[in-house]
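Visitor: TrEMBL feature annotations, pasted as is:
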type: SIGNAL; residues: 1-19; note: signal peptide
type: TRANSMEM; residues: 36-56; note: transmembrane segment
type: TRANSMEM; residues: 97-118; note: transmembrane segment
type: TRANSMEM; residues: 130-152; note: transmembrane segment
type: TRANSMEM; residues: 158-179; note: transmembrane segment
type: TRANSMEM; residues: 200-226; note: transmembrane segment
type: TRANSMEM; residues: 238-256; note: transmembrane segment
type: TRANSMEM; residues: 268-286; note: transmembrane segment
type: TRANSMEM; residues: 318-336; note: transmembrane segment
type: TRANSMEM; residues: 382-401; note: transmembrane segment
type: TRANSMEM; residues: 421-446; note: transmembrane segment
């Protein structure tokens with residue numbers, strides 16, 4: 001808890017950031033709208049929870065945590081020996097991550113309920129959303145402290161399934177963000193090409209499209225090499241082959257003449273991004289296969305049934321690190337901008353509002369004073385407060401599963417890799433491909449609806 005409180009104290013400067021009113025002086029940041037700064041500070045709360053979770057998993061902290069008798073002893077002082085190069089200190093680290101992420105998810109779930117149906121900053125609840133940061137920080141710390149007093153019992157096992165569901169949904173949200181990113185990228189570069197009458201922009205689009213497909217093919221080859229073997233690992237072979245087939249299919253659909261006529265901005269760039277992301281999710285799924293022959297990341301069993309001399313864990317493997325990077329990028333994407341695509345704005349509950357005359361006058365008044373946050377939501381909010389907190393709640397569950405490598409606490413306090421994680425990620429990749437396919441064919445199947 002000392003590490004938690006020490007890391008949390010880094011956020012104490014948040015009280016100087018955009019207080020309970022839009023005209024509170026903020027010397028820590030430039031003049032910005034409340035809608036952006038509030039999302040950024042809430043995202044800092046999330047990243048703070050991630051930081052504490054990472055600290056709990058660090059070998060130095062685990063080597064101290066494993067001395068706690070209520071975790072490392074069973075029965076009459078019998079020490080527990082776990083599967084793989086790992087002892088009870090690591091299990092405690094994972095349980096600490098579960099509790100830290102539970103506190104973070106509970107904090108954002110509270111605001112999800114509190115901010116339902118807030119329409120503008122005139123709603124009294126908007127002041128809670130955009131201010132009172134010191135008190136929200138205290139609430140966050142209080143929930144965190146309380147989470148560490150939750151009795152062990154079946155908490156970890158039950159919370160695992162909440163993490164599974166939340167991570168599945170957040171994986172789909174990540175896919176939507178990647179679709180939007182590729183769409184905005186393609187549309188912007190095509191616009192530049194038409195304005196400048198230059199082929200360099202087309203060449204750039206072709207280069208990155210080709211690069212993404214090459215990386216996807218390389219990923220398929222590496223997965224067949226490292227995650228399959230002749231005469232074994234049939235599930236992995238099926239998953240890789242199916243996702244490769246599906247990605248080729250959606251790429252072909254994206255360039256069909258009828259689809260191009262209905263959606264001129266659709267193309268291979270978006271399809272290549274979706275293909276690469278699908279291969280990434282497939283890789284994450286294969287890294288959780290509970291078969292040591294088919295999963296080089298699985299913890300090594302002991303040959304003599306005894307614990308190793310040193311304290312060793314294998315949690316920071318390549319899938320976890322890459323997944324953590326993708327998580328940070330997608331979370332920042334949620335916080336910093338709205339989409340240029342109306343369908344994505346509708347799905348993500350965000351929009352770019354044109355400033356009213358009142359807001360423009362307010363911004364002009366604030367020009368002379370640097371570092372003030374101004375209210376740009378007096379007419380209507382630029383994003384759904386409730387849905388934003390719901391996304392951060394799902395992000396908390398997703399990062400919990402990422403940091404613990406989707407290992408489920410089992411009997412005898414072992415960390416067990418299960419097929420549940422594999423199927424959740426594979427099904428998420430299929431659902432994402434189906435969602436992207438729907439965005440391509442929906443204007444053809446429903447010609448009377450406006451998909452512009």
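Residue positions begin at 1 at the first shown residue.
Glycine is no exception: its Cβ is also placed from the backbone N, Cα and C atoms.
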Visitor: Report yes or no: does the transmembrane segment (97-118) come within contact of the transmembrane segment (158-179), defined as 3 or more CB pairs under 8 Å with a sequence separation of 6 or more?
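Guide: Since 3 or more Cβ pairs under 8 Å link them, the transmembrane segment (97-118) and the transmembrane segment (158-179) do come into contact.
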Visitor: Sort out for me which stretch, of 238-256, 268-286, 382-401, has the most Cβ pairs below 8 angstroms to the transmembrane segment (36-56).
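Guide: Most contacts with the transmembrane segment (36-56): 382-401.
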Visitor: Under 8 Å between C-beta atoms and at least six residues away from its ends: which parts of the chain pack against the transmembrane segment (382-401)?
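Guide: Contacts with the transmembrane segment (382-401): 33, 35, 39, 42-43, 46, 49-50, 53, 97-98, 101, 104-105, 108-109, 111-113, 115-118, 125-126, 129, 162-167, 169-171, 173, 324, 327, 330-331, 334, 338, 348-353, 376, 421.
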Visitor: Same chain only, please: residues at least 6 beyond the ends of the transmembrane segment (238-256) with a C-beta under 8 Å from a C-beta of the stretch. Say none if there are none.
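Guide: Distal contacts: 216, 220, 223-224, 227-228, 266-268, 270-272, 274-275, 278-279, 282, 285-286, 422, 426, 429-430, 433, 436-437, 440-441.
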Visitor: Cβ under 8 Å, sequence separation of at least 6 from the ends of the transmembrane segment (318-336): give me the contacting residues as numbers and ranges.
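Guide: For the transmembrane segment (318-336), the sequence-distant neighbours (Cβ-Cβ under 8 Å, at least 6 residues beyond its ends) are 36, 39-40, 42-43, 46-47, 173-174, 177, 181, 280, 283-284, 287, 297, 348, 388, 391-392, 395, 398-399, 402-403, 405.
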